[in-house]
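Engineer: Below are the structure tokens for one structure; questions will follow.
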Amino acid sequence: MENEDLNNSENAGNENLLEQLSLSKLIQAQNKKKAKGGFQALGLSRPILRGILHKGYKIPTPIQRKTIPIILEGKDVVAMARTGSGKTAAFLVPLFERLKIHSSKVGARGLILSPTRELALQTLSFAKELGKYTNLRAASILGGENMENQFAALHENPDIIIATPGRFTHICLEMNLKLNSIEYVVFDEADRLFEMNFEEQMNQILHDLPNNRQTLLFSATLPSKLVEFARAGLSDPTLIRLDAEKKLSENLKMAFFKLNTEDKLPFLIYLLENVIKKDEPTVLFVPSKHHVEYFYELLTMIGFSASYVYSSLDASARKINIAKFRAKKVNLLIVTDIAARGIDIPLLDNVINFNFPPKAKLFVHRVGRVARAGRTGTAYSFVSTDEIAYLLELNMFLSGSIKLCPAETLNISSTRDKNDWHLKLGKVPREIVEENEEFIRAKLELNYDLMRLKNSADNGYEKFKRTCPPPSRETQRRLKEELWAEDVGFHPLFLDYVENPLQKKRLEMLEQLKNLRPKMTIFEMNNKNNKNEKKGCFMQEKRKLDMEKIEYFHSERKKRKELAQSLMKRQIEAQEQTSRVEEPSELEVATTFKKVIGKSAKNKSTGANLVPLASGSKIKEASKDQFIPYKPSDYHEEQGYSLLSNFEKETAHATLDLIGDDDLAAKRKKPRVVWDRTLKKFKGQEQEKKIKTESGAWVSASYKKDLYEKWKLKMQPKQGQEEEEDDEGGEEALNETGIKNKPHPLMKGRKETVKPVKGCNSMQLKSYEKRMKDNKVKRRNFRFQQEQRKAK
């Protein structure tokens, strides 16, 4: 007996060991599956996973990998994602997982708001394909379509509504639609929703939604209005940002060219012809849509293959133009900031900033598209005199890493290499600009349409400059005190051109002509021989009175120039001194030392030494042991790279307001006032008539037209014959005794058979009272016709 007990205990122990081994193998297999990083690791239900695999998706994109697990936890999310990054599946997959099956309870449970009908239709078709193996129903409520069909679609009890804000608000007011059943709300391309003035409709929709909903915002950028909307409408939201554009890539090279505004276009043509290779995809950023049209016509006339995108471009044309660039049928894409906001273009080689961005974050937003996935890339930036302050702000943001090319008048003995042009600011030789200037002038004289586009671009640029934010006070102070970039030399890319002996003599002669100032005014030059002329005598007397002021002005000007040259010389000498010290790369440090405590090389300050304003032979530096700075060394870098977890602080750093590329965007920001002739004063724009909804919000009175009531009288729909609107939400309602009402066995599969009216669809079924009334009218007409025949 004891042996049998021992054997039984050993067998039980072996079975337990086998079970533990099988369990461990199962856990290992599950971990291997999760390690693959596929959709199987997200724990999705079988119908939804089957639809994803049917579409051919195997591995989630970065935005899907970050957002789907957080959304499945039920949290509110603000995600920054571009078009083409997989954001549609990022909010549709959790939506299907939450709703699972069609509900018999009347009322939609998911709401997706899109800025345009094209995007909404695209989302609808993708949702039908992705949810192929579920029984969920989706309906679209879009502007420009028949409202009666939309009334009928809502009577079919859809689970998901995909709509544009304007038409959906109209439908809600017409039908007195209750949104208490909504559980999941998505604002797709939310920045464009605010840009297209849907703020009032979005606030109205948000007011009608229940408090226990889950809200998602997907946007390419974070305007300040969107951040305020997120604070008001979302509860403890999570901000998700892909770090592809939060910092500049180490493989990115940047060149800065100091130019006059009128010289930018001739130099652009030179850059595209001689510096950038024709097979390299390049994006050109311009200020307004008028510049886009003008540059496209001019560059295609010259022979460049180009495409263009701006905000008010038709959606189909926009899609075609972007597809051309992605397929490499054209290698140049001309865009504005607000149009390129949601475009995701992989494998980009060059970016050209025709106008310098007024914010450092916008610069990173532009050039962050280049040098991705280990590729090298180049950013060329044109800087005019009135944009130097913005370049100084960027220099502070990059911790003073932008270097100035020494002017030829400083006589600095330094070895200059034409390949060493990364992060350097320099001038462009005048001869390069003059060649293309004459060519452009000839094209404009021969083509009237091109001249008209140029005038529109010039006028648009004046309006664009008025809408640009001014530089900070600190930047203006530093620019005034340090005279930063007052006089720079030629850029290293043009060293072969400048070091030619003939060119050197020509440049010296031009410099002398530049400094030449005649002693006589134009009034005295024509009256040199005639001393009795009053104009000449008047100017001589005036010069005698103002001689002290003139001498003071010239002396101050000379001092300012000497100070600028001395400061420039010290700045360049300090730059060369720091450039000689080679710092090890992050990879070398990681391979050499086992443990590194402190900030990584990405956040390490690489700023130049401080240059004192006072004259002296030695550069004084503060002792690091005994001096505590009032700002950290990487203060300006931390201003741009947000590392905090708090949503409000994160959005404060991620907020980026883009300038509109047409007149409408500028007019929306300005308060409209008109002159009232009767009152003899300026008054605001007349307020349109509004009505108060059940929620207490005031909306436009033009929405309410009683179209739904007319449609009900005409169609007499019957909603919910099988799907009753009840609190329990079950398929079978309870009777007064609490017992379920079950149908008779003989009535299974039978439905009320009513013959449809001739020429009407299935929704136009007549009630019993209506049919009795129609039969009574028919009998009366029949008797009347018989009496008429007898009378004849």
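Every residue, even glycine, has its Cβ placed from backbone N, Cα and C.
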Engineer: From the ranges 37-65, 588-616, 646-674, grab the one TrEMBL calls motif 'Q motif'.
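Structural biologist: Here TrEMBL associates motif 'Q motif' with the stretch 37-65.
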Engineer: The domain 'DEAD-box RNA helicase Q' (37-65): which same-chain residues, six or more beyond its ends, come within Cβ distance under 8 Å?
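Structural biologist: Non-local partners: 72, 79, 81, 85-87, 89-90, 93, 96-97, 100, 129-134, 240, 242.
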Engineer: Using DSSP, how many residues in the domain 'DEAD-box RNA helicase Q' (37-65) fall into helix, strand and coil?
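Structural biologist: Summed by class, the stretch gives 17 helix, 0 strand, 12 coil.
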Engineer: Given the model, what does the mean pLDDT over the domain 'DEAD-box RNA helicase Q' (37-65) come out as?
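Structural biologist: Taking every residue in the domain 'DEAD-box RNA helicase Q' (37-65) and averaging pLDDT yields 87.
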Engineer: When the domain 'Helicase C-terminal' (267-413) is classified with DSSP, how many of its residues are helical, how many are strand and how many are coil?
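Structural biologist: The counts are 62 helix, 28 strand, 57 coil.
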